[in-house]
Amino acid sequence: MNFLELQVTLSLCTVFLLRMFSVFSVFPILSKYGICLNGSNTFLIGIAIGIYGLSQVIFQIPFGLLSDYFDRKKVIIFGLFLVFLGNIMSASTNSIWGLICGRFIQGSGAISGVSMAFLSDVIREEHRVKSISAIGISFSVSFLLSVVTSPLIVQYSNFFVLFWLCAILSLICIIVVYYFFPTVNNNLKNDNINFLCKKNIKLFMQKQFFIYYLSIFCLHFLLMMNFSIVPHQLELSGLLFFQHWKMYLNMILISFLVLFCFIFYCKNQSILNNIVEICIFFLFVSSLLFFKSNSNLVILILSLQIFFIFFNLLEVFLPSNLSKNISKNSYKGSIMSIYSTSQFLGIFFGGLCSGWLYSFLSISNMFAFEAFFISIWFLLIIYYRKYYHKK
């Protein structure tokens, strides 16, 4: 990497780490402290948690369109300003509806796809996997920091201080983008928005892109399902809830060690060309081990470790391979925003389906459903690969 590429990579990592902290930090504490807000109940708390993903789905593609029409740097700053406003609103309300509105505005700053498009503008193709890997690590670090520190912040101050802290972090992100992101010219200044919208539909229907949209949807659908049922299964297996973070920490560190070794030392082109199918296969193995665990803690931890390893591999290689396919395409912002929208749709429907299925299925049957879901995903990928190559 040259100096500019390293600067952009580190700046993006900082932005993603601080921004995602404000997303993840509410998960461990909202269900406990949100019930104290005026007009609150468990259903509205669920809406307050999920509304972020819904607003991300709504605004990812519009932000992508804007980034193809205007300067991506300005679009990212505008999105971060919306995150700042959402945190201020959440910190200033005593009502559950005020919190829901704040979370919605926070999620409307949908800059994930725009940021990935910006990365593909600036980072050369041979270095993109490294940059995306670094961003993936920042996501995991943000998750770990939020899970560990947010309960401590609320315990030693109060619930609303957490949102004020997140607002300050949003301002820091804006400063980082303003001073450390270069300005990149786009090629769509003369295109009109109607044309861009029609082009966006065509981009979604292109088979070589649809493979990535489908895969990121399925991957995050599985993530939400696992986080809905695995913690309960771990407790049934004898691992106390307050010890879970230690297990997650070790698993994530191991998975990143594997990821690092794979990225820098795997030169087998046949493996790299079929990395999506290989990862899906091992996710299927993980779901079968989950199904067979029967509250056996060792098997359960092994299953979860396999899941984390191949989840992280896909998290890196899906956007990296997609960026290779769009490296000469002017509509990077639109394509990457459709990709991010698919990701948040997976989160939304994964949480929705897991809650619905858990109301009438046992945990083992939930894992059986996961195995069935993954097999359908695998077959669709095989079908689209063959169909696309025939074309």
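Just so it is clear, glycine is given a Cβ too, placed from its N, Cα and C backbone atoms.
What TrEMBL says about this one:
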type     : residues : note
DOMAIN   : 8-389    : domain 'Major facilitator superfamily (MFS) profile'
TRANSMEM : 12-31    : transmembrane segment
TRANSMEM : 43-63    : transmembrane segment
TRANSMEM : 75-91    : transmembrane segment
TRANSMEM : 131-153  : transmembrane segment
TRANSMEM : 159-181  : transmembrane segment
TRANSMEM : 209-227  : transmembrane segment
TRANSMEM : 247-265  : transmembrane segment
TRANSMEM : 272-291  : transmembrane segment
TRANSMEM : 297-318  : transmembrane segment
TRANSMEM : 338-360  : transmembrane segment
TRANSMEM : 366-384  : transmembrane segment
Long-range Cβ neighbours of the transmembrane segment (272-291) (under 8 Å; 6 or more residues past either end): 211, 215, 222, 230, 233, 266, 299-300, 302-304, 306-307, 309-311, 313-314, 317-318, 321, 364, 367-368, 370-371, 374-375, 377-378, 381-382, 385
Seg_contact(the transmembrane segment (338-360), the transmembrane segment (209-227)) with at least 3 CB pairs under 8 angstroms, min sep 6: yes
Per Cβ pairs under 8 Å, the stretch of 12-31, 43-63, 131-153, 209-227, 297-318 packing most closely against the transmembrane segment (366-384): 209-227
Considering the transmembrane segment (43-63), which listed stretch of 12-31, 131-153, 159-181, 209-227, 297-318 counts the most C-beta pairs under 8 Å: 12-31
Local confidence of the prediction over the domain 'Major facilitator superfamily (MFS) profile' (8-389), expressed as mean pLDDT: 81
